[in-house]
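Asker: Before we start, here is the structure in question, set down as structure tokens.
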């Protein structure tokens, strides 16, 4: 079975083809980073227009990469939410139209389920059950996962997501968009311990997060200590250490409360090397395992949508003739497969 996956939830156009026997056959990705850089963030209208320009050419490129034609595709999966409504509508409209034209099923996919299942694309995929840390620009959630669609929300950010806090703090440090990866690079040159940031909400029970205060703390630290290059690097290091430690502490609590031995990390921030190293060290001490996708599958991509679409199709999920997207869509609302 071959599934074409279409991802257009934000500022990446991702197209991929997944075969349930051979694995990933094609993966095409176009990033709009340069388009939005001058604005310091994603401009929804510009994102939608660029998806219109890029989606069909990338589908053609994916078919060529895989050596396939339209007649070889058994289903079309597309991101139906959450995300930017205009961007979602582009991918959903193209996906639904192609499915109708090719006389194959259309499969709406939850963007965050795509991220959650991305580690399944690797040679050593995790087995159920596990605790999932979904950490990106729009979400920071801890989820108990006992099967496909069997998701229990354990905790989430009550304000900024971790990735959003990275980007906002990077902007305070004078870094360009997207700031998260640039902040991490700057942090690698920083001196540990010169500045100490709080670890929000770790001094109380529970698994929720709060990162907006770290941005304010960073702004005050920058204002009080000047902005020479080394000081900025030291502040970046302190900020990253605070976020990573907070995520690690909450993951440890989630593992203790569930009794699970496996931790899955997914989403754009899961590509952070410091976070990966700290969680790997923690899980080794706990005699458990940590799983994550390769870096190119941590950020938005079509491969995770194609894979999640295949899983959902085998569970009997298909779309009707309408084109429906959900900019807000709780993961817990998905049915079990």
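Heads up, the Cβ atoms here are built off N, Cα and C, so glycines get one too.
These figures come from a predicted structure and were not determined experimentally.
I grabbed these lines from Swiss-Prot:
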| type | residues | note |
| --- | --- | --- |
| BINDING | 111, 115, 300 | Fe cation binding site |
| BINDING | 134, 135, 136, 137, 138, 167, 180, 272 | substrate binding site |
Asker: If you compare CA-to-CA distances from residue 135 (substrate binding site) to each of the binding-site residues 111, 115, 300, which comes out shortest?
Answerer: 115
Asker: Which one of these binding-site residues has the most other Cβ atoms within 10 Å of its own Cβ: 134, 135?
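Answerer: Answer by Cβ density within 10 Å: 135.
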Asker: On the three-state reduction of DSSP, what should I expect for residue 134 (substrate binding site)?
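Answerer: In the DSSP reduction, residue 134 (substrate binding site) maps to strand.
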Asker: State which of the following binding-site residues has the fewest other Cβ atoms within 10 Å around its Cβ: 137, 138, 180.
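Answerer: Each of the binding-site residues 137, 138, 180 was scored; lowest Cβ tally within 10 Å is 138.
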Asker: Could you round the CA separation between residue 300 (Fe cation binding site) and residue 138 (substrate binding site) to a whole angstrom and send it over?
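Answerer: Roughly 12 Å, rounded to the nearest whole number.
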Asker: Using the alpha carbons only, what distance in Å do you get between residue 111 (Fe cation binding site) and residue 180 (substrate binding site) once rounded?
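Answerer: Approximately 20 Å lies between the Cα of residue 111 (Fe cation binding site) and that of residue 180 (substrate binding site).
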Asker: Determine the Cβ neighbour count for residue 167 (substrate binding site): the number of other Cβ atoms within 10 Å of its Cβ.
Answerer: 23
Asker: List the Cα distance (Å, whole number) between residue 180 (substrate binding site) and residue 115 (Fe cation binding site).
Answerer: 18
